[in-house]
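Worksheet: the structure to be examined is printed underneath.
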Amino acid sequence: MPPTNRPPPFSTILSSASLPSYSSTDELTPIYQGAEAHLYKTTFLSPSQPAALKIRPSKPYRHPILDRRLTRARILQEARCLQKLVKEGVSVPALLGVDWEPSAGDGSSWLVMEWIEGEPVRVILEEWEAYLKGIEREKRLGLGEGVQGSEEEKVRGLMRRIGRAVGGLHRAGVIHGDLTTSNLMLRPLGSADTTETIEERDQSPSMAGEVVMIDFGLAMQSSQDEDRAVDLYVLERAFGSSHPRTERFFEEVLVGYRESYKGAVSALKRLEDVRMRGRKRSMIG
């Protein structure tokens with residue numbers, strides 16, 4: 001990772017080898033490091049205000065002028081999408097700050113966002129599928145009654161909330177570009193305690209909470225049905241590949257989506273065309 005300046009009000013320089021240690025009031029915790037961006041948990045303005053710091057580093061293999069233009073365009077696109085969605089009342093991280101031309105002059109750019117507490121929907125569904133597998137095993141051994149209807153209804157409720165969240169995104173004229181269950185957070189309502197006791201580890205995970213979409217690095221502004229349908233198709237494929245036991249509930253996502261805004265019907269019709277093209281592509285290889 002190339003040296004990257006920590007933006008104001010941050011002052012510590014990130015080393016290419018490792019991150020230096022910080023005091024309890026000035027902590028920078030690595031969360032994710034990808035090819036396009038690095039994500040950290042930090043604080044903003046106050047030690048009690050957690051925030052997410054996203055840095056888009058420069059690419060040394062690109063021409064410096066082209067690199068600065070691309071990095072600037074992408075960070076500004078992400079910031080504009082977040083700002084628009086917050087204004088429209090969509091559940092996304094609030095934008096706290098952005099700098100597309102830091103004074104370091106190294107070609108990097110950054111933005112600071114609200115820190116979203118909770119778990120990714122991916123983790124919740126993986127825990128539920130593991131719980132489901134255990135229940136089915138007990139039933140085969142004659143030790144239980146199998147999955148209760150309330151469990152399936154709980155999953156259906158979460159799927160519908162996901163659909164409504166995506167519908168709100170599309171109603172606002174924004175396309176996510178990378179809709180997966182890793183980019184959907186389930187934020188606890190109020191001050192709910194998300195810590196888990198030993199007795200609760202083998203229980204069905206809670207699915208209560210607000211669905212919050214994160215990571216808008218590939219987002220764009222569009223009201224085209226084709227773009228909306230592709231967004232939905234990416235999410236559908238994510239369920240098929242990552243959550244095989246939950247895939248059968250994906251129709252509930254579309255139910256919630258259909259209820260969320262007037263233009264949903266035409267986007268769902270286009271989804272059928274996108275699915276058809278996807279199947280042909282899979283057959284051809």
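FYI, residue positions are counted from 1 along the chain as it appears here.
Every residue gets a Cβ built from N, Cα and C, even glycine.
The domain 'Protein kinase' feature in Swiss-Prot is assigned to 25-285; the stated evidence is sequence analysis. Taken from Swiss-Prot, the feature ATP binding site covers I31, Y32, Q33, G34, A35, E36, A37, H38, L39, K54. The active site, proton acceptor annotation in Swiss-Prot covers D178 and is backed by sequence analysis.
Structure coloured by features recorded in Swiss-Prot.
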residue: I31; record: ATP binding site; DSSP (3 states): strand
residue: A37; record: ATP binding site; DSSP (3 states): coil
residue: D178; record: active site, proton acceptor; DSSP (3 states): coil
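Residues I31, Y32, Q33, G34, A35, E36, A37, H38, L39, K54, recorded as contacting ATP, have a largest CA-CA distance of 14 Å. For A35 (ATP binding site) paired with the residue listed as 'active site, proton acceptor', the C-alpha to C-alpha distance reads 15 Å.
Note: the ATP site is recorded as I31, Y32, Q33, G34, A35, E36, A37, H38, L39, K54; in the same chain, I55 also have Cβ atoms within 8 Å of that site's Cβ centroid. Take the binding-site residues I31, A35, A37, L39: by the count of other Cβ atoms within 10 Å of each Cβ, the lowest one is A35. Here the Cα atom of Q33 (ATP binding site) is found 17 Å from that of the residue listed as 'active site, proton acceptor'. For the pair I31 (ATP binding site) and the residue listed as 'active site, proton acceptor', the C-alpha distance works out to 18 angstrom. With every protein chain in view, the residue among the recorded positions Q33, D178 whose Cβ has the most Cβ partners within 10 Å turns out to be D178.
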